[in-house]
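Now, the feature entries from Swiss-Prot:
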REGION    1-159  region 'Hemerythrin-like'
BINDING   His15, His57, Glu61, Glu130  Fe(3+) 1 binding site
BINDING   Glu58, Glu61, His80, His126, Glu130  Fe(3+) 2 binding site
DOMAIN    202-248  domain 'F-box'
REPEAT    340-364  repeat 'LRR 1'
REPEAT    365-392  repeat 'LRR 2'
REPEAT    393-418  repeat 'LRR 3'
REPEAT    479-508  repeat 'LRR 4'
REPEAT    576-607  repeat 'LRR 5'
REPEAT    608-635  repeat 'LRR 6'
REPEAT    636-661  repeat 'LRR 7'
BINDING   Cys662, Cys676, Cys686, Cys687  [2Fe-2S] cluster binding site
Amino acid sequence: MAPFPEEVDVFTAPHWRMKQLVGLYCDKLSKTNFSNNNDFRALLQSLYATFKEFKMHEQIENEYIIGLLQQRSQTIYNVHSDNKLSEMLSLFEKGLKNVKNEYEQLNYAKQLKERLEAFTKDFLPHMKEEEEVFQPMLMEYFTYEELKDIKKKVIAQHCSQKDTAELLRGLSLWNQAEERQKFFKYSVDEKSDKEAEVSEQSTGITHLPPEVMVSIFSYLNPQELCRCSQVSTKWSQLAKTGSLWKHLYPVHWARGDWYSGPAAELDTEPDEEWVKSRRDESRAFQEWDEDADIDESEESGEESIAISIAQMEKRLLHGLIHNVLPYVGTSVKTLVLAYSSAVSSKMVRQILELCPNLEHLDLTQTDISDSAFDSWSWLGCCQSLRHLDLSGCEKITDVALEKISRALGILTTHESGLLKTSTSKVTSTTWKNKDITMQSFKQSACLHDVTNKDIGEEVDNEHPWTKPISSDDFTSPYVWMLDAEDLADIEDAVEWRHRNVESLCVMETASNFSCPSSACYSKDIVGLRTSVCWQQHCASPAFAYCGHSYCCTGTALRTMSALPESSALCRKAPRTRLLREKDLIYSGSEKSDQETGRVLLFLSLSGCYQITDHGLRVLTLGGGLPYLEHLNLSGCLTVTGAGLQDLVSACPSLNDEYFYYCDNINGPHADTASGCQNLQCGFRACCRSGE
């Protein structure tokens with residue numbers, strides 16, 4: 001019978017595990033053939049893993065037991081300052097790196113046995129002292145309920161750290177296991193043949209169909225999948241099935257939480273204490289010098305735990321990027337890196353490049369910058385994205401929003417329902433209305449054949465996304481030559497471009513007028529796109545006229561129920577046809593069955609104080625954000641009411657209840673929007689911080 005009630009005995013259970021490990025390494029030490037290099041290295045690797053667990057055990061005791069006891073008793077100090085764990089780990093590392101031959105192995109073995117014997121003589125009495133001396137003191141200074149809570153935390157920490165370490169080993173050994181399986185393939189096949197001769201009737205789990213195995217694997221968490229991948233080549237391939245890796249939560253996994261379901265069940269804002277803990281981890285990790293020999297005597301237990309967790313998180317992220325995502329990246333739908341201590345812009349960039357079909361991306365309170373989105377370099381490369389949370393990402397600027405807007409793609413209806421502006425720069429002559437040639441007219445009112453002999457050099461693919469284009473460089477786009485007496489109202493015409501109409505709406509712009517707004521594309525856009533991405537996903541009609549009354553001054557809007565005969569318009573020979581039907585100018589009733597871009601439902605830029613009106617207006621390109629319901633711009637200090645209005649006008653589904661922006665801005669929906677969420681917030685930008 002234990003001397004203390006089991007539910008409050010904080011030492012016995014963890015110490016049982018430590019004593020078990022001591023027995024295991026003593027047994028291995030006695031059985032190892034130090035003349036054999038494989039046996040020698042296997043022992044050192046096993047010892048290294050064992051002593052890492054010893055060190056983690058001591059750190060947990062420091063933080064959750066001894067640290068609390070020191071707060072209530074002044075007689076406790078330097079309990080773990082005399083241990084030799086770091087020295088032993090250094091000894092194992094030197095053996096693995098420096099010992100090269102049998103002679104050195106035998107000399108090293110002598111030193112190893114002496115050091116292990118000395119450590120064991122100190123370590124076992126050390127644990128006995130904790131059980132016989134410190135447990136009674138805990139009973140004296142803590143209540144029964146407090147001790148129950150302490151024990152629960154101690155056991156949970158031991159389990160989570162052990163599970164995380166096993167996951168990391170699984171990730172790193174994934175490819176190594178495959179190589180070993182290939183090496184033993186023939187011997188295994190030979191053995192299987194012999195077993196089949198003995199009992200042809202027997203059926204094991206290895207004979208189950210792949211679809212059944214994948215169904216079984218779907219009940220496993222990431223750690224268990226990594227273990228299964230090491231069983232055989234077949235299991236390794238099945239463990240890389242994309243459907244098993246749809247939802248990734250590396251930050252949670254590094255802390256022992258193996259949830260891998262849809263993100264909707266995790267959409268809860270953490271309390272400020274939890275956020276502070278994650279920020280402390282991040283700061284400790286950044287300050288930590290990887291080359292330093294950190295010992296419990298040099299670092300507080302709390303700081304050591306924080307560094308260890310951040311290190312695990314970093315290794316786990318590297319494991320995912322190099323060993324998992326190259327195989328399953330296209331199937332990943334959810335990536336949650338919120339409050340990560342170790343993630344970098346480079347890591348995010350690599351992950352986004354490997355996961356083109358993301359629907360849910362959460363980078364809340366991470367230290368990323370605009371470069372994290374460099375992999376979103378072509379139009380529509382992540383057009384399935386529905387949820388994007390960049391709350392607290394203070395380094396994000398308009399540059400990132402330009403890349404994000406480009407990645408969201410272009411609405412099919414937006415692309416097909418607008419005028420096609422010219423995409424080439426005129427070098428020597430200007431285009432005239434008389435140059436227009438019609439070759440055929442269909443019900444969809446397509447302008448089939450338009451070109452110009454004086455086409456200049458190609459414009460850079462990203463140009464329309466990065467800066468406004470001055471109309472001084474080129475002239476008006478092609479327009480229909482219609483009866484000037486039948487003019488339509490300008491505001492009616494603005495509505496027409498958002499819906500299908502039977503008659504044809506035509507806009508003739510004043511050639512020398514340029515809207516001063518950086519996000520207004522009422523001006524012409526140069527450059528017929530020749531790259532594959534542009535030809536597949538968009539063309540100039542995506543950049544709609546802004547609809548501002550003041551920028552449309554001098555514009556003649558006309559309607560007509562039928563198109564004139566080509567002879568009425570043509571004065572020159574027919575020109576060469578454009579390459580693709582998709583690039584033609586038309587306005588009609590054609591609609592796509594399903595939108596494939598700009599389906600964003602949730603966008604949070606809370607605390608991204610470097611965002612300006614330009615960044616907001618970039619989001620209105622390509623058809624705006626027609627499905628957006630939740631928009632959080634709390635703490636975006638430099639945006640104005642005009643910029644907000646431009647964005648909101650491109651978000652017809654926006655719910656005022658989930659629309660947040662600074663209370664000091666006189667913006668849209670001022671009476672019904674929810675205001676700023678960052679008031680007196682300790683960890684996100686706000687104009688009233690400190691009040």
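Using the three backbone atoms N, Cα and C, a Cβ is placed for every residue, glycine included.
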Glu58 (Fe(3+) 2 binding site) to Glu130 (Fe(3+) 1 binding site), Cα to Cα, whole Å, comes out at 11
May I ask for the residues of the chain that lie six or more residues beyond the repeat 'LRR 1' (340-364) and have a Cβ under 8 Å from a Cβ within it? 250-251, 263, 278, 281-282, 285, 306, 309-311, 313-314, 317-318, 320-321, 325-326, 329-334, 371-376, 381-382, 384-393, 604
Note on Fe(3+) 1: the CB centroid of His15, His57, Glu61, Glu130 has further same-chain residues inside 8 Å, namely Phe11, Pro14, Met18, Glu58, Ile60, Ile65, Met127
Using C-alpha atoms only, work out the spacing between His126 (Fe(3+) 2 binding site) and His57 (Fe(3+) 1 binding site) and round it to an integer in Å. 13
Among all the protein chains here, how many other CB atoms are within 10 A of the CB of Glu130 (Fe(3+) 1 binding site)? 21
Fewest-neighbour residue among binding-site residues, criterion Cβ within 10 Å, set Glu58, Glu61: Glu58
DSSP-derived structure type at Cys676 ([2Fe-2S] cluster binding site), helix or strand or else coil: coil
Inter-residue Cα distance where the pair is His15 (Fe(3+) 1 binding site) and Cys676 ([2Fe-2S] cluster binding site), in Å: 51
Per DSSP, to which secondary structure element type does His15 (Fe(3+) 1 binding site) belong, with helix, strand and coil as the options? helix
Three-state secondary structure, His126 (Fe(3+) 2 binding site) (per DSSP): helix
The number of other Cβ atoms within 10 Å of the Cβ of His15 (Fe(3+) 1 binding site), counted over all protein chains shown, is 19
